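Marked as active site, proton donor by TrEMBL: Glu266, Glu508. The active site annotation in TrEMBL covers Asp399, Glu533. Sequence annotations record features per position, and here TrEMBL assigns disulfide bond to Cys462-Cys494. Look at TrEMBL and you will find 153-176 tagged as region 'Disordered'. Among the features that TrEMBL reports, transmembrane segment is placed at 37-57.
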Amino acid sequence: MTTPALLPLSGRRIPPLNLGPPSFPHHRATLRLSEKFILLLILSAFITLCFGAFFFLPDSSKHKRFDLGLEDVLIPHVDAGKGAKNPGVFLIHGPDEHRHREEEERLRNKIRADHEKALEEAKEKLRKSREEIRAEIQTEKNKVVQEMKIKENKPLPPVPVPNLVGISGGDPEDNDIREKREKIKEMMKHAWDNYRTYGWGHNELRPIARKGHSTNIFGSSQMGATIVDALDTLYIMGLHAEFLDGQKWIEDNLDFSVNSEVSVFEVNIRFIGGLLAAYYLSGEEIFKIKAVQLAEKLLPAFNTPTGIPWAMVNLKSGVGRNWGWASAGSSILAEFGTLHMEFVHLSYLTGDLIYYKKVMHIRKLLQKMDRPNGLYPNYLNPRTGRWGQYHTSVGGLGDSFYEYLLKAWLMSDKTDHEARKMYDDAIEAIEKHLIKKSRGGLIFIGEWKNGHLEKKMGHLACFAGGMFALGADGSGTDKAGHYLELGAEIARTCHESYDRTALKLGPESFKFDGAVEAVAVRQAEKYYILRPEVIETYWYLWRFTHDPRYRQWGWEAALAIEKYCRVSGGFSGVKDVYSSTPTHDDVQQSFFLAETLKYSLSAYSRNSEEEKCHLAKSRKYWQGKVSWMVSLLGVSQEFILIALRCRGFRILSASVSPQLAGLKNADLLRQCSQETVAEGWKGDVGILAIQHPNLLPLFGECSGFRRQSLLPRVKA
């Protein structure tokens, strides 16, 4: 079989065959290529001539009629109707034809006058020199800028600032706790002062090179990310001089009218979140104004076919796009799902519902979508509204979406039942498909990729221990204890990932394959960049259980950071937590000041019994409905007494804690009887599952207590 020709005969160097004269007359049915080309040129010339004549004819009656045709589009008309004298006539204001014609003629004259005026202005401009034109353009620019400044400085509607309880509650009485707090404050001072000296105004700091640092999430502009991000930590720590320095820089220098492409998610949580926190703490209007200015710059990111925002947006042009690596141009769940709290607060502060509507639209869209195995994939295409790669993670790419669902419910004073249901459904699917127990007995959260579980957990996923504990209340009486215990197990696993390294600092991610548990395998996963998630979970578990181990674990992490991450110019991440002589990455992340050190300090905040009860009542958080699982993890006696003293608490337990059984009878009886008389419990509190006969008589002495049990009752 011969190979087909790849070129036409005219393009191949083969001599044509001479077949002799034809035996019959030949008539061509088609035109040659050159003839076709000539005809195409003639046709093109004719079309060009027609259009030229149409648009460039000199002024004539026909030209005027063409102008009037445009005017007919601009002038509104109303049909006179079938019953009118002249059915072909169009009226503007009704059956008064004379008045209609006068009105129409007036409008036509106005259009002609405006047209002629525009032509005269154009001719006048052309007569001017280039320098004069440039001067006029600059004048107009300055005028626009001035108008924008007036608009930006327009005062926002006044709204009440919430009374934040416990922000300035004083130092704890215990000397050891007070010393630890002071040490963490000193670490914050060291980080801030070096940033102030070597990186002021830059987004972050390179503490070894002693100069500013930035990444592509902040764009090309230096917007002082560390300043904005750290404001609330400075305020909470009582570093008010430093706070005022940051405030002044924001007033004088923070400008969002820059030609810079930024991450919508990162700018929202670090800048808008930081500014709103500073406003609520200090009441200073400048923070609210700047937050609103930035939010307006982010709104164009939502201009997609589905309303799911782009990952990146140019603050000046409003042009958005997604990361090139994100599953065929998809948006990321943790990014578009982590806008809700800030945007709801923006609507509250401004009275403008646009922010609320944007994030609620995202929620409504997600509710309508099918979810494989009940799981939310990490990627969603903003053009098609379809999921990208089926990859689900509670760590990077997914983490804060679930956190914001829960906190949206809490922020609404537990009235946002839609958010709570989405959270509960998501956690149920996560527990079913992603949470497993290793051979060594460690509970971990894996990642679902294309139908199978990857037994790897990231440092970012360690925040979930605190989230499960925070969400225990409201998950139902039968599940509250389970989720608090699950949070504690995640905290233990993440602590193991720290404890199994040379530096006692956790790797970026760690695996559970075979004999390897809670250990990073690849070199690219062995780094620690001053992340806060593990310390955050320790703080939550301490607040919910008062188990001293969480304070101890948090303090061990703080000491490791001090020993291995502190350098003369600040704090730096390390590249290998398994090496006893680590190499620094020379970056002081803004979240180290904003989160890591703040959570470290919070675990050593004053926690008197009066403060605990006051917080519970004032925030309407407990409302006498919280299930304190006092049997969990050896809860301290102090905590049990606090729970007993806060009137309205129920203690639910599968078994009474050994610490409760070990309390001196006199102490318990005294606490109980005092509260009965002073607060009048009168049966408000149900003590469930009491199985220690020696304690029953004590509770019987407290008049008004009900003795109830999920287990067979024991006679007193």
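For all residues, glycine too, the Cβ spot is worked out from N, Cα and C.
TrEMBL annotations: computationally assigned, not manually curated.
The least crowded of the disulfide-bonded residues Cys462, Cys494, judged by other CB atoms within 10 A of its own CB, is Cys494. Across the structure, Glu533 (active site) and Glu508 (active site, proton donor) place their CA atoms 11 angstrom apart. The distance from the Cα of Glu266 (active site, proton donor) to the Cα of Asp399 (active site) comes to 14 Å. Neighbour list (Asp399 (active site), Cβ cut-off 8 Å, at least 6 residues apart, same chain): Ala334, Ser393, Leu460, Ala461, Phe463, Ala464. Across the structure, Cys494 (disulfide bond) and Glu508 (active site, proton donor) are spaced 11 Å apart at their Cα atoms. The most densely surrounded of the active-site residues Glu266, Glu508, Glu533 is Glu533 (count of other Cβ atoms within 10 A of its Cβ).
The CA atom of Cys462 (disulfide bond) is located 11 Å away from the CA atom of Glu508 (active site, proton donor).
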